[in-house]
Amino acid sequence: MKSFVVAPFIVAIDGPAASGKGTLARRIATHYGMPHLDTGLTYRAVAKALLDKGLPLDDEALATDAALSLDLLAMDKAVLSAHAIGEAASKVAVMPAVRRALVEAQRHFANALPSSVLDGRDIGTVVCPDAAIKLFVTASPEVRARRRFDEVLARGDTADFAEILADLKKRDERDMNRTDSPLRPAEDAHLLDTSEMSIEAAFLAAKKLIDHALAQHRG
């Protein structure tokens, strides 16, 4: 009698900053009862570890040490969402050794579970290239900047829309043109433009694709 191992069912969600991929990933994870990992938080956690110790952000060896000792289950999204940490994270994220260490941790998270939802910039292309379903979530820079602007105001902080828009465009440029794991859709990813979509509409579009992939996965 043959025995076989069923591959984990991984939902890979990629996209630029403020595209809505995180909100969608959390909604999907809740609906299907799947563990969720926001891989962007892993880079923020490394940056915060360096900032907390007053260490330089451009030291790849120190940043890699922080990445290797990171506890994925101890990350606090509320704490890591600070703008300064996001800026610092974009600097450590371009370091190849840091990316390798975090990709390995992210991949282990996905492969150790029967099913999971991961969102980030390179899930479908690098972290989980064999994911059962890949979504690339995007929206126009102006729509994404408006979402980020509204988020900041909702927290009771002040924000400048033009500054947020310029920052997003700069981050897009950096993400798409870095030599290691540039931001791009996987060849087999489903493109989901949420520019004119509500959260519910985006979820229903994703759910239809995931339900089909689940049916195929279960044979």
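Even glycines carry a Cβ here, placed using N, Cα and C.
Copied over from Swiss-Prot, here are the features:
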{"type": "BINDING", "residues": "GLY15, PRO16, ALA17, ALA18, SER19, GLY20, LYS21, GLY22, THR23", "note": "ATP binding site"}
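Those same-chain residues not listed among GLY15, PRO16, ALA17, ALA18, SER19, GLY20, LYS21, GLY22, THR23 yet with C-beta within 8 angstroms of the centroid of the ATP site C-beta atoms are LEU24, ASP119, VAL137, THR138, ALA139, ARG144. Neighbours of THR23 (ATP binding site), defined as other CB atoms within 10 A of its CB across all chains, total 17. Taking the Cβ of ALA17 (ATP binding site) as centre and 10 Å as the limit, one finds 21 other Cβ atoms among all the protein chains shown. Under a cutoff of 8 A between CB atoms, and with a sequence separation of 6+ in the same chain, the neighbours of SER19 (ATP binding site) are VAL137, THR138, ALA139, ARG144, THR194. Counting every protein chain shown, the number of other Cβ atoms lying within 10 Å of the Cβ of GLY15 (ATP binding site) is 28.
The C-beta environment of LYS21 (ATP binding site), restricted to residues of the same chain at least 6 apart in sequence and closer than 8 Å, consists of ILE13, ASP14, GLY15, ASP119, LEU135, VAL137.
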